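For reference, the structure is listed below as structure tokens.
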Amino acid sequence: MFLQRCMSFLQCIFAAVLAWIGVRGQQVHGASQFSSTGKVNPATIKVVNNVISQASATPSSVNYHFTRQCNYKCGFCFHTAKTSFVLPIEEAKRGLQLLKESGLEKINFSGGEPFIHDRGDFLGKLVQYCKHDLQLPSVSIVSNGSMIREKWFQTYGEYLDILAISCDSFDEDTNQTIGRAQGRKSHLDNLFKVRDWCRKYKVAFKINSVINTFNVDEDMRENITELNPVRWKVFQCLLIDGENAGENSLREAERFLISDQQFQDFLERHSSISCLVPESNQKMRDSYLILDEYMRFLDCREGRKDPSKSILDVGVEEAIQFSGFDEKMFLKRGGKYVWSKADMRLEW
């Protein structure tokens, strides 16, 4: 009981300080921080608990979207080309070093299209740095696959654990409708070619699919079985204000949305695929640590991307407090798995 009172007292003090200085606008606007009895408003305590949880989070797995540029125009994209900024490589390395010192185990490079900048050489140098210099257990990439060349694997493949290729349909016309294409080039030809290179250069191959209006009734079992990825990540199409929804967005993803029941039906139809890893909207919103091109954590809990200050300016410990990251949900969705190719025991 004494300990509970101490904790309650500390919460009150902390809440009072937050009420005075403000928590980046996270206070409950229009509501008093204290009730008429002098007790802290429950909504304020919730804010405090969220901040405490985020402050104690370890950035074991981080998604670094170092570029927003892309050669595809997927209609539901939630990280669109609002800027062309890319950090100088030495600054990016400094940020990655800060993350490693804070507990980073897995880095995932994404975009935009990560191979678009400097024809993949910038990406390759970061991959090499993370595996060789930082000795991270897992280094991975998410790409649309269209700009990858075998020469890249020859130079950097040994440093990469997992390569995920985004593929939403095994029908070329559907890919064209979605925007998962460049001109009339075959997205599927690239998919199979990259899969073969992954086998040749000993990189674990993964597939990411966004389930939406145009592919929700598709049966992908035969194709996924043939490709045989180590993981098939299946996402429910998600709206993010300012990215693919709202007046300032570069995409209008509303027409791609499906219901929770439609998503569940798709999962049940593909339940025989053992490598399937489903992610609903609920799981996605707060279970990822996302760094943008300025190395700011992005808080997506309110259906938009609220950035922290850059870890390059304030450090990881301070910036992560405004990430919206729920470590429990991260673990619940299976965010921690066998992510080093050295531990996968794959037959190449």
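Using the three backbone atoms N, Cα and C, a Cβ is placed for every residue, glycine included.
Model, not experiment: these values are computed from the prediction.
Summarising the annotation, Swiss-Prot assigns domain 'Radical SAM core' to 56-276 and lists sequence analysis as the type of evidence. As annotated by Swiss-Prot, [4Fe-4S] cluster binding site applies to Cys70, Cys74, Cys77, with the evidence given as similarity to another entry.
The average per-residue pLDDT of the prediction over the domain 'Radical SAM core' (56-276) is 94, rounded to a whole number.
For the recorded site, Cys74 ([4Fe-4S] cluster binding site), the DSSP three-state label reads coil. Sequence-distant contacts of Cys70 ([4Fe-4S] cluster binding site), defined as residues of its own chain at least six apart whose C-beta falls under 8 angstroms from its C-beta, comprise Cys77, Ala81, Gly111, Gly112, Glu113, Ile116, Asn144.
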